[in-house]
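Enquirer: In case it's useful when we look at the structure, here is the feature table from TrEMBL:
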| type | residues | note |
| --- | --- | --- |
| BINDING | R329 | substrate binding site |
| DOMAIN | 29-279 | domain 'Aminotransferase class V' |
| MOD_RES | K187 | N6-(pyridoxal phosphate)lysine |
Amino acid sequence: MLNLSVGPVMMEQEVLDIGSEQIPYFRTDEFSKLMLENEMLIKKCVGSTENSRLISLTGSGTAAMEATIMNIFDENDKLLVVNGGSFGTRFKEICEIYGLSSEEIRLDHGELLTNRHLEKYENQGFTGFLINMHETSTGVLYDMGLVKQFCERNNLMLVVDAISSFLADHYNMREYNVNATILSSQKAIALPPGMSFVVLDEKAQERVLNKKVKSLYFNFKNYLADGTRGQTPYTPAVGILIQLRKRLQMIDDIGVDKVVERVAHIAQDFRTKIRGLPFEISSQSLSNAVTPLRPNGKMPADEICRHLKNNYQIYVCPNGGTLSKTLFRVGHIGAITEEDNNKLINALHALREKDIL
């Protein structure tokens, strides 16, 4: 089996081996030390301020998106949401569920965010800005420098879902003046699904501590308090957190920039090799994490995904809804190589030779 999706992804053997071990009891000094090391290394990877804090949630990335919004914003806020696909829509839906005042910048699929989209929202009383740095559903990477400048001019709290761009594209919380960063275990961190993470700077922590949250499990105050001693309020996915320490140690040994460079190399290798096949790359601004492909041959996108899985044991990412037949995505994160790219390219050439692509 070859998994070229954008999550879950192929995992390093050393990390897989840890997953086969018995899980220890976790209310111990040893596990607390592990958790504090995880916090230190994630903060280093995202380039946060020294006094930033890490929230480790047992739940998907969507759980972290929802929890972050409920812990930082309330009815006194006015939020601006970038919506260029499924995950921008998710931010908007969360705002609506919690009755938060919000407006969305609607982008066409594959469209890049520009100053033209932002200028009408200057000085309009917004207090927060929500963005998926990489809109994974369409493969568009947004310009975080542009977003930073807009938020600084308008004094906005900046919340970034960096789930699919972290460790695939350049990202630094201090450089982009980000207040809260949302991550998830199954993307380029390359672990099993089940854990999500939120890095809060000092300004975001102040909001958390001064807000009354109608939630037990997702109340960040409790996570901040227990996190000072390397624990979580409730039972976490212990096995994944042990794997996380190993994975973060591996990343730290290599260096974040080198990890990003490797993903960029794998992405460029694939994009070079796909030339000549009946596909169009649909994004105006590509992340290293994924290549969105629009078929212009005989076989629709969803059938290509099924055919690769059923006949070649290769997984790529289909799309849902209106994009199901027109767009699919190939991931470049996780423990994959140029040879893995070749396996997919060879399978696609075989489909074309059979005159069904």
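Every residue gets a Cβ built from N, Cα and C, even glycine.
Unlike curated entries, TrEMBL annotations are predicted automatically.
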Enquirer: Hey, does DSSP put R329 (substrate binding site) in a helix, a strand, or just coil?
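Expert: Reduced to three states, the DSSP call for R329 (substrate binding site) is strand.
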Enquirer: In the predicted model, what is the mean pLDDT computed over the domain 'Aminotransferase class V' (29-279)?
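Expert: Across the domain 'Aminotransferase class V' (29-279), the average pLDDT comes out at 98.
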Enquirer: Among the recorded positions K187, R329, which residue has the fewest other Cβ atoms within 10 Å of its own Cβ?
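Expert: With the recorded positions K187, R329, fewest surrounding Cβ atoms within 10 Å: R329.
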Enquirer: Given R329 (substrate binding site) and K187 (N6-(pyridoxal phosphate)lysine), what distance in Å do their CA atoms have, once rounded to a whole number?
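Expert: So the alpha carbons of R329 (substrate binding site) and K187 (N6-(pyridoxal phosphate)lysine) sit roughly 14 Å from each other.
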Enquirer: Helix, strand or coil by DSSP: which one applies to K187 (N6-(pyridoxal phosphate)lysine)?
Expert: coil
